[in-house]
Structures are given as C-alpha cells and as structure tokens.
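Participant: Supplied in structure tokens, the structure appears directly below.
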There are 2 protein chains.
Amino acid sequence: MPRSREENERIRQSAMANIGSAAMEVFLERGYHAASIEDIAKRAGVAKGLIYNYYRGKEGLLAEIVRARTDEIAGVIEEAAASPEPSEQLRRIVEGALGHIDRNPKAYRFFLHLQTQPEEDKILSKYSEMLNKEMSRQFETQCDIFRRMGAEEPVLRSLYFSSTLHGVMLMKSVYPGYPVEEIQALIIREFCPDRPR
Amino acid sequence: MPRSREENERIRQSAMANIGSAAMEVFLERGYHAASIEDIAKRAGVAKGLIYNYYRGKEGLLAEIVRARTDEIAGVIEEAAASPEPSEQLRRIVEGALGHIDRNPKAYRFFLHLQTQPEEDKILSKYSEMLNKEMSRQFETQCDIFRRMGAEEPVLRSLYFSSTLHGVMLMKSVYPGYPVEEIQALIIREFCPDRPR
DNA sequence: GTCTATATTTGGATAGAC
DNA sequence: GTCTATCCAAATATAGAC
C-alpha cells in the first residue's frame with residue numbers, strides 16, 4: 001500500500017531538516033571549503049545522493065544557513081526596537097549580540113570566516129554580501145538610536161560602537177576564556193547612559 | 001661550462017622569493033583553500049613542478065607567510081616599546097596596527113580569515129595557533145602598559161582596548177569606505193590620556 | 001634548475017536500481 | 001524516498017626529460 005501524501009510530506013520535511021542541521025554542524029566544524037558532502041551525509045546518516053534530492057548541492061546548503069543567520073540578526077534589532085527608550089535599545093542590542101555569541105561561539109566564528117572570504121571568491125562572496133546587507137540595515141537603525149540620544153556625531157559614534165561590539169564578538173569567538181560578562185558591562189557603561197540623570 | 005656555486009645560490013634565492021611573493025598575492029586574493037598551486041605557478045611565471053623543488057607544497061608556502069606576519073606583529077610592539085611614556089606606547093600600537101591595515105587591508109583580512117578557521121582543520125589551525133601566540137605576547141606587553149598607567153583593572157582594560165582595536169581593524173578590512181582616521185582619533189582620545197595634565 | 005607529462009586523490013554531482 | 005555505483009573535474013604531487 002502506498003504512503004499517503006501527508007505521510008510523504010512529513011518524511012520530506014524531516015529528512016530535509018535532518019540534512020540541514022547536519023550541514024550546519026559540519027560547516028561550523030570544518031569551514032565551508034573543507035567540509036565535504038560526504039561528511040555531511042555521514043553526519044546526517046544518509047547517502048550522498050540523497051542530499052541532492054533536497055538541496056541544490058553544497059552551495060544550496062550554505063544558502064539555507066545564511067538565510068537563517070540573517071533572520072537571527074534581524075531578530076536582535078526587532079527585539080531592541082520593542083523598547084521606547086533609545087539607551088535601552090542599545091543595551092538590548094549589546095545583550096542580544098553577546099548573548100547569542102556566548103551561547104554559540106562557533107556560529108559567529110563561522111560567519112566571520114565567511115565575511116573575511118576574499119572578494120574574488122565569486123561563490124562565497126555572494127553570501128558574504130547577504131550578511132553585510134543585513135548588518136547594514138542594523139547599522140542604520142543604530143544610527144537613528146544615537147541620533148535620538150542626542151549624540152553630536154551619530155554616524156561616527158555608531159560606527160565606533162559597532163566596531164567595539166564586533167571586536168568583542170571576534171575576541172570571544174577566538175579566545176575561549178574571554179570574559180564577556182565584564183566586558184559587556186564596560187560597553188554598556190560606555191555607550192548606554194542611565195535614564196535617570 | 002657549469003655555473004658557479006654562488007651563481008646557483010643566487011638563482012635559488014631569487015626563484016624562492018619570487019614564488020613566495022606570488023603565493024602571498026594569490027592567497028590574499030583567493031584565500032588558502034581556493035588558491036591552487038597552478039594559480040601560484042602562473043603568477044610566478046614558473047611551472048607547477050618547480051614549486052615543489054623549493055617548498056614542501058601549499059602548506060609550506062603558507063608557513064612562510066605566517067612567519068612573516070608574526071614578525072610584523074612583533075615589529076609593532078618593538079616600535080611601541082621604544083618610547084618611555086606608556087600613553088605614547090599605546091598610541092604607537094594604535095597607529096602601528098591601523099597604519100599597517102590601512103596600507104594593506106587584504107592582508108589583515110586574510111589572517112583574520114585564517115584565525116577564524118575552525119579548530120578541527122588540523123592543518124590550518126596550526127598556523128592560526130602561531131598567530132594567536134604572537135598576539136598573546138603583544139597582549140602581555142599591553143597589560144604592562146596599562147599597569148604603568150595606573151589603571152584599576154589593567155588586564156580587563158587591556159582586553160577592552162584590544163577588542164576595540166581589533167574591531168576597528170575588522171571593520172576596516174571588510175568595509176571599504178570605513179573612516180579609520182576619525183575612529184583612530186576616538187580610540188586615542190579614549191585610551192591614551194595626554195601627558196601634561 | 002626548470003619544464004612537461006602523468007599518476008593519484010579527492011570530492012562534487014548524476015543515473016538508475018530498489 | 002533512499003541507496004549504490006559511477007562519472008567527471010580539479011588539484012596536489014611526482015617522475016623523468018632537457
């Protein structure tokens with residue numbers, strides 16, 4: 001007796017998710033170029049061939065992962081924007097960004113690895129581009145926040161803020177024992193003035 | 001008539017340097033994994049086979065480049081240490097680091113790409129390790145500087161300083177129009193108090 | 001000392017059986 | 001829907017001629 005359509009659909013969904021998360025794991029562990037389809041198939045417990053049934057190939061897998069990441073970045077902004085207070089918004093950005101990286105340092109490392117890909121790499125630079133674009137959006141919002149806080153040079157200040165924040169994320173993702181908590185406090189003290197004054 | 005030993009030696013030196021710098025160029029342009037020996041040979045204007053006469057292979061070429069980089073890092077510290085004034089030392093570190101990256105953004109990007117290589121990549125993580133070690137040395141010196149400046153928490157402050165500095169380098173190497181000059185002024189204002197007080 | 005030709009390996013992708 | 005077997009391209013590395 002043939003499987004029902006619903007049953008098939010469920011199987012497809014589950015297989016696809018399974019392969020997707022296996023790919024995520026292997027990419028984080030090995031990096032994009034060094035990761036092989038073979039590895040991913042092994043990790044997912046399926047045959048190589050099956051992967052091509054669900055994804056366009058290695059690049060298709062990456063595309064999926066990058067999309068998930070941009071969603072995540074957008075989520076942090078959205079979270080921050082929910083507050084009416086600019087100083088509080090900034091604090092949420094800091095906490096959102098550092099909290100996420102603290103939970104999963106390998107992920108940020110991977111994306112950083114991706115973003116530092118040489119531009120000449122036509123395949124990968126496309127995805128690096130996507131990440132940059134999302135970060136640009138975040139940056140715009142940030143500039144607004146600084147404007148509303150009455151900064152003299154909001155854009156420059158926002159840039160300085162971003163630099164610091166990304167520097168911290170970078171260090172955290174590269175050096176295991178990095179004390180995020182303390183540093184986070186420093187950033188907040190530096191950039192987020194207390195409301196009551 | 002056979003060539004003299006000196007002549008041979010000269011030719012060897014020159015060929016080796018030629019290949020080495022070609023490798024550097026191609027690595028910066030393409031990244032380690034994507035760069036092929038073929039590319040490097042073409043760039044150097046020699047045959048593929050010859051490269052193996054001078055280097056152990058692709059990895060040997062990378063080793064050479066990383067060694068050059070660690071020397072460069074050490075150079076910045078040395079330069080800074082030449083000043084007796086701690087605040088001035090710090091300023092030299094900032095200027096040295098940012099100056100270098102401004103002159104050659106691709107290089108920093110490449111090394112960052114290398115350092116964000118997943119740890120599981122046994123081959124590359126070795127070189128990533130070498131870079132980290134040199135940076136640790138730099139960090140130690142930095143802590144001393146902050147100590148001598150009378151900071152309350154020199155290590156934490158040094159860490160924060162490094163984070164900011166590397167964040168700026170990261171942004172500069174990824175975003176073309178990044179205004180290093182202005183940001184550099186901000187850092188110096190923040191971390192390097194004027195001597196006369 | 002350098003080149004050309006070739007061996008070897010690896011990994012992405014496809015075709016067809018079950 | 002999944003697997004096995006195979007193809008094909010690319011790239012590292014080596015052998016041997018000049």
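Backbone N, Cα and C define each Cβ position, glycine as well.
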Participant: Examine the ranges A:36-55, A:96-115, A:176-195 and name the one recorded by TrEMBL as DNA-binding region.
Facilitator: A:36-55
Participant: Go through the chain and flag residues at least 6 beyond the ends of the DNA-binding region (A:36-55) whose CB is under 8 A from any CB in it; none is fine as an answer.
Facilitator: 12, 15-16, 18-20, 22-23, 25-26, 30, 61, 64
Participant: Kindly state the mean pLDDT of the domain 'HTH tetR-type' (A:13-73) in the predicted structure.
Facilitator: 95
